[in-house]
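The feature [2Fe-2S] cluster binding site is assigned by TrEMBL to B:C245, B:C250, B:C253, B:C261. Feature annotation from TrEMBL assigns domain 'FAD-binding FR-type' to B:9-109.
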Amino acid sequence: MTTARFLKARDIAPWLEELSTAYTVLAPARHGDTVVFRDFNPANGIDMEHLSATPAKKALLPPCETLFEYKTTKTEEPPYKTAIELHPTLPEGKVLVFGARPCDARAMQIFDRVYDGNQARDPYYTARRNNATIVTLACDHQEETCFCDRVGGSPVDATGSDVLLTPLKAGYVAEALTDKGETLLNSTTFMKADGLKQEALNARHKMLEQVPDRSSFLDMERNLLSLFSDLGFWDKTAQACLSCGACTYLCPTCYCFNITDESHGDSGKRIRTWDNCMSSQFTLEGSGHNPRPTKAHRMRNRIGHKFSYYPQLHDKTLACVGCGRCISNCPVSFDIRNAVACAIQQADAAREHAHD
Amino acid sequence: MTNNPPNVYLPDMATIVEVVQETPAIKTFRVVLNSEERMRAFHFEPGQVGQLSVLGVGESTFVINSPPTRKEFLQFSVMKVGELTGHLHKLKAGDQIGVRAPLGNHFPYASMKGKNIVFIGGGIGMAPLRTLLLFMLDNRADYGDITLLYGARSPRDMAFGYEVEEWLQRNDMRTVLTVDNGTPEWQHKVGLIPNVLKEINPGPENTVAVTCGPPIMIKFTVQALQELGFDDEQVVTTLEKRMKCGVGICGRCNIGTSYVCKDGPVYTLAQLKQLPAEM
């Protein structure tokens, strides 16, 4: 890390206001009883205390976006041939995510491998990604539902961040990790703080010491593979699930989408929207055939994707950052940690049984 | 409109040059891309698929069922089963359609050279097989014995009737037709595909079986092939799942680690057995 600056707590709002002229600024703020990422508005305040209920993923993948617009024209003379023009609508403008948590920032790298990787390149995502700056706030405590430490992260992990903020008394040490971050810290709002680098490091060490010593979910993609054919296990795991999909919409690493058309007379647009693999409609084919007909199939795919399929395809990186939002917001208190731990246990038992 | 780097979601606009009513439920669309340059440069392999768009309604996946050896148009056969296919069926010659193609992998025709081929097609599942069959007939010397078993619900549900007649006449392939429900005029077999397959009893030696049809048909056909002594590597199938992006991102068509839109639609039974049973 090169530059370090100090940001007083009371200077945050004026700084973000200054940035709002050049960026769309997303920051965690109260909305009723919940904290969510919202377009920054001084009147809404900023909540730096609580983990937001929604992740920051909409900065890169909005819940709904237009891929292109189309216009149909008909010739005025018979045989009234039609012509269709397509106009792609690539996103423009810079976005700043302020107050992302380490889990949110890591999640964006999970998107990058899929949307901007060797296999495919999504021009809408790439445009947003190139124009996005991520300011991450290191966590000074873990919620009961947090488990980033078990999936390869930590409460102070800077992966995927342009700036890392470490909370100290009365303010934050801001350290730039990328050129984008350096540019951001040029603002006169900040005080020089190279002398506070050590203090920030100590504070982060202290946070890490609070992380409980518990088992990791890394390197388990093969364990889950061995349970693929055991639909009974998945049936039991998925029993309480309501298929509401809240877990997928609140998950910072879930990136599935749908594409649909909207027409208005002779013109219209093709849009993409977040979609939900826990819904029975997700894989339902036109013929009525459904390759994932039960909750058990769908749960296997969701957990399998995060802890087995994605790691197999992307250098063992899990597609779960342990933010725990799916746990704290599930209407039936489904706990993905238990499901994964059970899968490990079951696979270990099966292996031992095979050796007997 | 700039298209650099290519926008994977943007269809090529194309003109329907001909519509063939195959059966009461199936129509074949022959289309030509509006850009002459794009049409000339269009390269695809047998078995690859495309997304067809009716603007304002949406997109769905269909195999390009003309062979790459015949390039005057791209052909797609569509069974009317839902909203998009219903709208497609209303289109006529001269109408505009969006095409995102080619997508996915293709039949391993190179490794099939010198081998006997058994095609087993059910209903609209004949469409992808037709591509490979025509490709092999256009390169006939490269392949051994060719057998086609094609089944449909009833005689009037058999697509590509004009070609089926020709295939029946050819002496360099064997064509067996079957229907679930016969009519007094029906001259061919009556019975389910897996049963007829066992009856015609193709030998597995130096042979590849290629099958496509409804999932239930594929399931029992695979069982019949195993009973006949075919190994998992000798059975090839093509799966057309519900897809959206077509490039392995949107997460709808995966079977475990494999995305049917880019790693498929063509798989050997050996490959499918490595994946969760979600056909």
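Including glycine, each Cβ sits where the backbone N, Cα and C put it.
What you are looking at is a predicted structure, and each value in this text was computed from that prediction instead of being measured.
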Exercise. Which residues in the same chain, at least 6 apart in sequence, have a Cβ under 8 Å from the Cβ of B:C250 ([2Fe-2S] cluster binding site)?
Worked result: B:M243, B:K244
For this session: Around the recorded [2Fe-2S] cluster site, report the further residues of that chain (criterion: Cβ within 8 Å of the mean position of the Cβ atoms of B:C245, B:C250, B:C253, B:C261; site residues excluded), sequence-ordered.
Result: B:M243, B:K244, B:G246, B:V247, B:G248, B:I249, B:G251, B:R252, B:Y259, B:V260, B:K262
For this session: Based on DSSP, name the secondary structure state of B:C250 ([2Fe-2S] cluster binding site): helix, strand or coil.
Result: coil
Seminar exercise, completed: Here the 10 Å Cβ neighbour count for B:C245 ([2Fe-2S] cluster binding site) comes out at 26
Exercise. Do you know the mean pLDDT across the domain 'FAD-binding FR-type' (B:9-109)?
Worked result: 95
For this session: In three-state terms from DSSP, label B:C245 ([2Fe-2S] cluster binding site) for me.
Result: coil
For this session: Can you check which residues sit near B:C261 ([2Fe-2S] cluster binding site), meaning Cβ under 8 Å from its Cβ, same chain, 6 or more apart in sequence, and list them in order?
Result: B:V49, B:T61, B:L103, B:G104, B:K241, B:M243, B:C245, B:G246, B:V247, B:G248, B:C253
